[in-house]
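S.K.: Below is the structure I would like to discuss, written out as structure tokens.
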Amino acid sequence: MATKNIFSKHLPNVKLATRFDADGNEIQVEKREDEEQKRKEQDIIDTLVGAGYYRAHIHGLSSFDKIVGGMTWCIEACDYDVNVDLLFHENLTIGQKIALTEKIVAVLPRMKCPFLIEPHQIQGLDFINIFPVVQWLVKRSVENRSKKADTLRKLAATQFQNHFTLDSDRELQRLRVKQLAHLQAIESKYLPKRQFKLRKAAGGGWIPVRPKDAPEQEHADGAATMDETDTEREEEEEVEEEISLSTEREHNIPLDLTDADNSALAKKYDDIKQKLAPHTVDVSERNRIKTQLALKLALEKKLELARSECDQLRNTVQEEELQLQSATEQRENLEEEIRNLDNLEITEENQKILDHVKELVLKNERMKKQETLFKENCKKELAELQQKIEKAETSTPDEDMVELQRQLDMEQERLKSLRLQLAKKNRSYVAIKRQLDTIPDRTELAQYQRRFLELYNQVSAKHRETKQFYTLYNTLDDTKLYLEKEISLLNSIYDNYANAMQSPHSREQFVQQFETIVEGIRATKIKLKKKCDDEKSKRDGLNAQLLCLVEQQRKYAATVKQLTMECQRNEVLMQHLKALKAAQSSTQQS
């Protein structure tokens, strides 16, 4: 009997169709593959992943799961309801698979799909006929998602504008409030005031007349003296009195006026106008002259600053022009030299000669360096030989023996110290090697993981079996308890029935006791039903948690595989980098 390897290949959640030999290795079965089907399958997976269905990238899923899940995802993205669970169970029968595909095929005519497909084609993985349907569904889902994105973006923008404001909008609103406040203050301060009213003159015309309740005109010149303002006010009061008298006369004048009276009134009106005109002209002229003088001073200061800046800019421009002129001359000289050199290098013979000259120049420089190094080494060797000759001429054989013995002792001591250092290095090397040997490599870790998974599956199966035995025992114990209670209750009823039927009073008590017993049984039944509902809800929650954990396990497996691929890629790149560094160092040394 062959011994089983404890680190043999063991995969969790193995399908029923997978078979293993006596050693636990998977039996390889010869399969025929169609290249066109394989290529269409890869195109379908790439199309689904490009559309956003990244679950098709999970290598642990079957092709049926990827394709049915992708089609369901696309149909739901197009706002069509499909009663299909996206997380499929493994080892489905052919009938279950066809039932799933029939739900998908029934939705396609409602979506006005131009391609026809049957459920058995999806179940049989006919990728050539599935590919156009998947391609059309992906295109339709992408269009629908883009429309949804636009509507959601507009809705989000409107909701944001309804509930939130940006800092720039708040600042603009704050400025508008300030401006409105300033405008209102200015309007309230400078309200429109009526200065004159038109009165009908005696001669048939209209003359402007200042009303009595009109406010006095404010002067813009703040530097005027108090005397001038007083005199102007007195003159204005006199003119107003005269105008009011004239208006009163106008109102009291009869309709049959003579030409002499009309001419007298017109002459008086002209005199009043001449009196009023000089004052108003003088005040406005003074204000205009003052504003012009202030404007002239400001413009003179600006002119002086502009002239100084203009002088500075003129100087800098002259300096830059000189620098530009020198740079252009230098550039022209260099361009001329480059042209001359290019003219020399035009022919192939000149190019060959130039390359040969460059090689000779480089060789000459290397030879010069080697010559200087050789001279320095020769000088050192000459000095050493001269010292040895001098020592040999002055020394005796005994002294030579002593010197050689001393050198021998020094070399032996040096050899001992080097051996000690070598022993220390060997010990440290052995310790490091042991530490490295204690660290398992990737294959050993994979074997350990498989073995641990196998042990975990065995322990979990044993634990599940033990829990089932405990549950069965508790259930049978509860059933036995309830049966014993029922038997004792029936025995008590049977024993007390004859005594209870002897008198009406005892019969009523017996019926009341019987009703209390029935109520207790009902309460117990309700309690147990509630407990059963709680257990069912716990079971549903654990099933949902199990589905989440299965999805996380698939993601973890995909991430681990991607990480191993990236590690291998990193190792290849590091080796390539070391090779490049070695080549670069060799070229520098040469």
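The count begins at 1 with the first shown residue.
Cβ from N, Cα, C; glycine included.
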S.K.: In TrEMBL, one of 207-235, 236-264 is tagged region 'Disordered'. Which stretch would that be?
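M.R.: In TrEMBL, residues 207-235 carry the label region 'Disordered'.
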S.K.: Taking helix as H, G and I and strand as E and B in DSSP, count the residues of the domain 'CCDC93 N-terminal' (36-140) in helix, strand and coil.
M.R.: 68 helix, 0 strand, 37 coil
S.K.: Quick one: average pLDDT across the coiled coil (296-435), no decimals.
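M.R.: When the pLDDT values over the coiled coil (296-435) are averaged, the result is 85.
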